[in-house]
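Handing you a structure now.
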Amino acid sequence: MARTKPPKQSFAKDSQVNGFSSAVLLTAFHSSLPLFASALLSLDAWHIRIEDPSTSTSRNEYALDKGSQCRCLAWGSLPNFKKSEKSKKKRKVEDSYPDAVLAAGTNDGSIYLFNPSESDSLARLQGGHLGEILALMFSNSSLWSAGADGKLCEWDLTTHKTVQTITIDIANPLQSIAISPTDILAASYTIHHLQMSDHAVQNTYTNHTSPVHTILFGPDRHFISAADDDRYMNVFTMNKSTQDKALIAESDVRRITYSNDILCAVTADGVVELFPQPLAATTASTSKRRKSHVAGSKSIIKVVRPDATSVNIVDASLRSNNTMILVWNEGAKMVFETLSCHDDNGEIIESKEIVRSKQPSMGTTNGTKDNSRKGYADGNAQVVSGNDMRDLEMTDTISNGHPSGEDDSEDEAEPTEEPTLAERLHSMEVSAATPAKVPAASKAVMKMPPAGSLATVLTQALKSSDTALLESCLHHADSKVILATVRRLDATLAVTLLEQLASRISRRPGRSTDLGVWVRWTIVVHGGYLASLPGLVKTLSSLHSVLSTRAAALPRLLALQGRLDMVNSQIELRREGGSKTNTGEDPSDVEYVEGESDISDEEEIGIEDASQMGDMDTSDEESEAGSGSDEEGDFSDDSGDANEFAELDAQMEMMQDDEEGEDEEEVEGASDDEA
């Protein structure tokens, strides 16, 4: 019977986040091409980066949709691949890799397909799974996926539709799969062996007590499995219920890859262990057979710094030319190291430590940091006091469209006096009465876009010390938006935000109303964290200084408000007094009877003369009182109004005396007539 050679494994499997302390959570090597993929979580989205291990250069980078989380990666090839018409730039055939494709499974049941030569995803496969996709593998012209719903789906890469769906284990999510032309292996806690022809379950293997994260096919119907939190790797033969052999590592196994009769395992300690001939049959005697079923590694590869600090290896890949590629990350940069698996005698290499210095970061030249091109960063500056204006940028003058030098020259050349309160009020009345020439344009410029929360932008601005980006956030004055933003903000950034707010309030006191809302909600939401800081007084000294300075001006402002209220009340009283003196008896309310009068002609003449004299006296007194009030100032008493009221009272008393005299004469005349 002819043996069917199993397909070569096309990826380094990592179906889920396995507890790596590294920022890079998922990785995958192409089996034959110099391509390496890594997925990492950025500020608000997952980013997938494709790099060339041979040159350590980045080929492309993609960002998943917001809310989508990458769960697994796998490399493969597309059948009858046609390059997109959008990419018209000609490239070399050996550099373009038009048939290479990277599949990325997400938490929402979608699968993204990427090509290293394309700037966008080739396709998005949907509809096969209800939950997360935890494992992917290419086989011939199709793609297989395993999900948390316990189903196994086959996808047609031409139509992007599901070909078939196999339900294996509903109770447990499928963590890993392995596909050959005749067999299917799918595993959760238990490894299920199915035939490709009728999908019938042939056997199950229950040797692992934790989820199986990797299954690799070997020759002669062998396969190797590795599980989470387990340092044992089991070797099985299909159609046999028991394991053939167990390989044991020094710590928990994270990733495994098999090629050229060598098994490579990356452990939780960040080292690589090599197992030569892992599928070799045991030839021990019966008494030692049980002991010989367990084999350890023959070689351990470590990467250390010159100071003996260990480096955590993220992934490793065995190549067809008997070489091995190690990869570890330094910040956001991936570092690759290629070494041979055999020595000069053709034997497996012995345990060794590779000493490598830390790669120079960006902004270095020949390994030495270039300080001449170092830019200013607000994150490196310490705010000593909000009132210190010596080292602050002249943002006020620049924002008004005038450089600082021109303002200084204008101030020295044309010294002006401060306008009085009356002049200010007059200018405000004139500006309010005059309509703006282009109100629509100004409103369009100042209108801020609607936002529910600015937490992502604010976090990026505070971490990168981006002044312009921070100002775009602080210009929002909506209390609801500010509260939602501060609630989502990391508590560790609250101190930095308060220091930036204190600096801006001190430089531009006119913004204290808007920025005060940010200060209030930051202290309310993150008050518990701020109170737990050991050096809280020293940390928030700048904010305390600014708020104390602002609070010290409150009594003077209250005194000024009282004076303004007094001036307004005096003005209102003066207006009311003038209106009372000018109001007289309405002629329509007076009834006139021709030929009748209560007062004689002589008395009328006397009253008119007296009223004219009184008017002259009051007018003179009013003029004198008016001049006196002008000399005394705006806050003098209304003496003219008081004199005017006194003259009116005198006239009314004279008229009452005359009427009483007439009444007495009439009474005496009547008594004489009766006598």
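Including glycine, each Cβ sits where the backbone N, Cα and C put it.
The compositional bias 'Polar residues' annotation in TrEMBL covers 358-369. Residues or ranges marked as compositional bias 'Acidic residues' in TrEMBL: 406-417, 586-607, 617-647, 655-675. As annotated by TrEMBL, domain 'Small-subunit processome Utp12' applies to 466-568. TrEMBL lists 355-419, 575-675 with the feature region 'Disordered'. For 126-165, the entry in TrEMBL reads repeat 'WD'.
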Which bits of the chain, at least 6 residues beyond where the repeat 'WD' (126-165) starts or stops, bring a Cβ under 8 A of a Cβ in it?
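Residues 7, 10-11, 13, 15-16, 71-80, 101, 103, 105-111, 113, 171-181, 184, 186, 188 contact the repeat 'WD' (126-165) from elsewhere in the chain.
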DSSP-wise, what's the residue breakdown of the domain 'Small-subunit processome Utp12' (466-568) into helix, strand and coil?
89 helix, 0 strand, 14 coil
Can you work out the mean pLDDT of the predicted model over the domain 'Small-subunit processome Utp12' (466-568)?
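Across the residues of the domain 'Small-subunit processome Utp12' (466-568) the model's pLDDT averages 83 on the 0 to 100 scale.
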